[in-house]
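Undergrad: Below are the features listed in Swiss-Prot for this protein:
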- 205-233: compositional bias 'Basic and acidic residues' (COMPBIAS)
- 123: SUMO1 cross-link (CROSSLNK)
- 210: SUMO1 cross-link (CROSSLNK)
- 1: N-acetylmethionine (MOD_RES)
- 16: phosphoserine (MOD_RES)
- 481: phosphoserine (MOD_RES)
- 192-233: region 'Disordered' (REGION)
- 4-37: repeat 'TPR 1' (REPEAT)
- 38-71: repeat 'TPR 2' (REPEAT)
- 72-105: repeat 'TPR 3' (REPEAT)
- 225-258: repeat 'TPR 4' (REPEAT)
- 259-292: repeat 'TPR 5' (REPEAT)
- 300-333: repeat 'TPR 6' (REPEAT)
- 360-393: repeat 'TPR 7' (REPEAT)
- 394-427: repeat 'TPR 8' (REPEAT)
- 428-461: repeat 'TPR 9' (REPEAT)
- 222-239: motif 'Bipartite nuclear localization signal' (MOTIF)
C-alpha cells in the first residue's frame, strides 16, 4: 500500500501543476495495485475532466460511487462529468442521490441548485419549442389571426430553431403578443406596472444575508483577517494598490489557511500589469486551497485569473489551458465565454500562420499529377492541403471541384465553384465547372443559366457554348416520371429546406384548395422566390 500512496501523491502533484497525462499514468498504475480504492478513481475522474475526456471522467465517477456509495465526493465527480456531457437531468439526479448520503455537503447542494437553474432556464429560454405550439396559438384569438400571415409563421419557426434570436425580435409587437399567449401572462400590462412598482418581497432577505453575523462563531484571528480584507478591498476599489497589498498581506498572516487573501493579492498584481507575480500568487493560492479543502469555486477563480493573465499577454494557448482547468473545477458562463474567445483567436492565428503560397503551389502540382493519373481521391487531398496553405487562390477551389465532380460529389463541387466565383468572378472555369456539376445532376435550367454567364464573360468559350446546347437538347428530350422529378428535386438541400418549412407546406396546401390564394402569396418576395424554386425543379406547376 505504500507504493499506492506514493503513486497517488505523485499523481496529485502532477495534477496540481497541470501535468495531466503524468497524473493519469500515476493514478492508473495505483489502481492496478489497489483496484478497490475509491479515492484513486475519484482523482483520476478529476484528471480526465481536466483533460476534457468527460466520458472517461464519468466512468471513473460511476466506479467511485459503486465502491463507496456513501461518499459525497464520488457523486460530485459523476455529476460534474454528466454536466460537461450536457446530460443535465442525470446530473441533477446524481446530486440528489449524493445528498441522500451527505445531506449537508455544500458541493452537492450547490451542484443541485446549478442544475435546477440550468434546467429551468433551458425550458424557459425556448417557449416556442413546446409540442402543441400551433394548437395553442390557434386557440387564442390574439394569435389566431396572425397565423394567416406566412411571415409570422416564418418568424415563429426561426425562434423555434434558434431561441437566441429572441432578444432581437422583442420590438415586434407580434412576438410580445405570442409570448403573452405561450407564457400565460399579460406582458403588456407588466411593462406598465414595472415603472411604478416597488421591488418584490423576496430580494430584501437576500440583502440581509451577509457574512458578518457569522463572525460571532469565528476565532479572533479570522475576524481580524476579514476586517483587514475589507480594508484591502476598499483600497483596491480606490486603486490604492500598495495599501491594498499591505492589508491583504496582514489578513494572510492572521489566517494563512484562507486562499482568498492570496488571490486578492494576485488581483492587485493583475491590475498593476505584473502578470508573472499574479500567476505565482494564484498557484500559491491553489496550493493552500488544496491543502485546506477549499471550495472548488475558489480554486476555479484562481485558475481563471491565471488564464486571464495569459490572455492579456496574448498567450492564448496557455490561457485556454488554464481556463479549461478552471472549468473542470467549477463551470461558469464568463470563463466559458472567455475560453471560447481565446480558442477562436488561436484558431485564426494558427490558420494564418499555416498559409504558405509556395507550399500551396507544391500541393497543387501534386494534385494535378494525381488528377492526370485518375487518382481523384488523392488529388482531392492535395488540393485540400493547397487550399489550407493559400485559401485565397480561386483556381484551387476550381481544381478540387473537378475532383468532386469525378467522384460524383456534386453538392461539394457546387460549393467549391461558388467559392471560386466569389474569389475571382471573371474566372471562366469556375462557371463551366459549376454548370457541369448542375448538368450531371440533370438540373438543366440552372446549368444553362451558368453556362450563359460564362458566355457573357467570353462569348468564344467553346466549353460553355457546347454545354448550353447539350442542356437545351436534354431539357427538350427529357420525359421524367413524377417519381424521378421528385427524387431529383428532393436531393437539392434548398428544396429540402423549403419543403420542411411548416409555413411553406401550409401555403402549398392553400394553393391546392384555393388557386386564387397564390396571387396573395406571390406579393411576398420571399415566398415568391421559394415557389419559383419549386417550379424550376418541377415539383409544382402553375396553370
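Backbone N, Cα and C define each Cβ position, glycine as well.
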Undergrad: Residues of the same chain, at least six outside the repeat 'TPR 5' (259-292), with any C-beta under 8 angstroms of its C-beta?
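TA: Distant contacts of the repeat 'TPR 5' (259-292): 16, 225, 229, 232-233, 236, 239, 241, 244-245, 248-249, 251-252, 298-299, 301-303, 305-306, 308-310, 312-313.
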Undergrad: Sort out for me which stretch, of 38-71, 360-393, 394-427, 428-461, has the most Cβ pairs below 8 angstroms to the repeat 'TPR 6' (300-333).
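TA: Top-ranked stretch among 38-71, 360-393, 394-427, 428-461: 38-71.
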Undergrad: Using the alpha carbons only, what distance in Å do you get between the residue listed as 'N-acetylmethionine' and residue 16 (phosphoserine) once rounded?
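TA: Taking the Cα atoms only, the residue listed as 'N-acetylmethionine' lies 23 Å from residue 16 (phosphoserine).
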Undergrad: Mean pLDDT across the motif 'Bipartite nuclear localization signal' (222-239), rounded to an integer, is what?
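TA: Value for the motif 'Bipartite nuclear localization signal' (222-239), mean pLDDT as a whole number: 90.
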Undergrad: Which residues of the chain, 6 or more past the ends of the repeat 'TPR 3' (72-105), have a CB below 8 A from one of its CBs?
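TA: Sequence-remote neighbours of the repeat 'TPR 3' (72-105) are 38, 42, 45-46, 48-49, 54-55, 57-58, 60-62, 64-65, 111-112, 114-116, 118-119, 122, 328, 331.
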Undergrad: So if I draw a 10 Å sphere around the Cβ of residue 1 (N-acetylmethionine), how many other Cβ atoms end up inside it?
TA: 9
Undergrad: Long-range neighbours only, meaning 6 or more apart in sequence with Cβ under 8 Å: which ones does residue 16 (phosphoserine) have?
TA: 286, 287, 290
Undergrad: Going by DSSP, is residue 1 (N-acetylmethionine) part of a helix, a strand, or coil?
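TA: DSSP assigns residue 1 (N-acetylmethionine) to coil.
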